[in-house]
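Let me begin by presenting the structure, written as structure tokens, before commenting on it.
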């Protein structure tokens, strides 16, 4: 069977392909990857392994004890995440409760005194309290977002043990923190 004749455009593309392959080979020869990264690079499925790199280069685990410690840290992060969610909800509830009570008291006082002054000390304390509650909620929200993204990135290591740590920590955190909401 005879091979078909190649066109000049096919020869150009073949030459470019060969140059690209040579360039990649040469680059990978001069810049070898660490052994852990070679085995974990482009991994897109969950594996049971005692080798994992989590979040930062310095958090590189190579032993079962290291994985167990990493799972514990990720589990505690998930518990903290659930605790922050509950803390935000409690802070919001307290802010709304204190603001509605102080606002209704202000309306009663204004009606009794027939005063239309909005710069009374009670109103300024109410605004300060609202500002502090809102600022606290904003800080808690930032902490919740950062911890949430850290947990997401940890799960994206595709290590099954780390995934189980996040799931278990989320369940434990929910179990421990959510009864605190009804204690207001």
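Glycine is treated like the rest: Cβ placed from N, Cα and C.
Note on the transmembrane segment (65-84): residues 49-50, 52, 54, 59, 140, 143-144, 147-148, 150-151, 154, 159, 161-162, 164-170, 172-174, 176-178 of its chain, located 6 or more positions outside it, place their CB under 8 angstroms from a CB of the stretch. Look at TrEMBL and you will find 65-84 (among others) tagged as transmembrane segment.
Per TrEMBL, transmembrane segment is recorded for 130-155 (among others).
Long-range contacts of the transmembrane segment (161-181) within its own chain (CB-CB distance under 8 A, at least 6 residues past either end) are made by residues 46, 48-49, 52, 54, 67-68, 70-72, 74-83, 85-86, 89-90, 93, 151, 154-155. Taken from TrEMBL, the feature transmembrane segment covers 161-181 (among others).
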